[in-house]
């Protein structure tokens, strides 16, 4: 009787062992795919990005190489979803993508300053105080950074509303968290950060204040180029003599994206659609004022979610930075800048493409199905089928 009992024990043990083996294989495959798609792929892709090298001029190469180089990252249009729009899974997926991309870039590239060019939030224009606090908590978690790294943010229309939605409460709420400074100088480089939503030019209180601030910035920049002790500039400390870099959410005026090209430019069917002033781009008048007041050497903007490079007045380049989120495009990216007081070099760093991650997941699901069916004998093992074909070929 003891032998019979032992025999049944062995007979029951093998199916259990086979099921455990299958379960371990499935868990191993799932873990490996999740590890790669949610962590390792960001390191693999962003590791290929390199800071652009400064090219010294032939006449003054030695002096150019001695200038301190500032490593700056520029990204735009993160659009963190709020409590009304977007599915919870959409929010979870896209915000995880941005967090992993940002933290990986921070660790691998070690930037000194990071600029976000507006539309940090998707629903800031109508969010309640409670929703705003929740959005801010998620933002601070996603874009956490060491204390020695500067993070600067300019306002976008989704943060404080379009001009007709904007009010003092929304602007002050934004500036309380992200600062109201319009001029930021570091390593002898001047950055002017503009609230472009307030540049409609219709004389509204917020608009008038924004223009007055920019006129004051223009005055300080002009004084930095004057001889020390000029009577018009006063006795205060002067700014670095560097020609400024202009940062804002709305692009300067251009008719459309017809002249934009590249894999992350707007789709061909959208490039010839005319832009609306004060909605898609700044007005002609506001653009001319900014160029006249600030005389920038470079303009960086967001808003369109697509890349574009244009030249204003034939000399001032503007680069529209694509969206940083999978929610707005399949191939998000950010700009890396090596900047000195007299020169700059820019390069683009692409993030993992969303469709590549989805293909990997679909392939993993297919592999798991084949593995399961093969285990239960419902599908011939590809390895055994290959051996049988090889044997038949040898016997001929």
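Glycine is no exception: its Cβ is also placed from the backbone N, Cα and C atoms.
For the ranges 21-45, 46-70, the feature annotated in TrEMBL as transmembrane segment maps to 21-45. For the transmembrane segment (21-45), same-chain residues at least 6 beyond its ends with a Cβ under 8 Å from one of its own Cβ atoms are 96, 100-101, 104, 108, 350-352, 356-357, 360-361, 364, 367-368, 371-372, 375. The average per-residue pLDDT of the prediction over the domain 'Calcineurin-like phosphoesterase' (71-306) is 92, rounded to a whole number.
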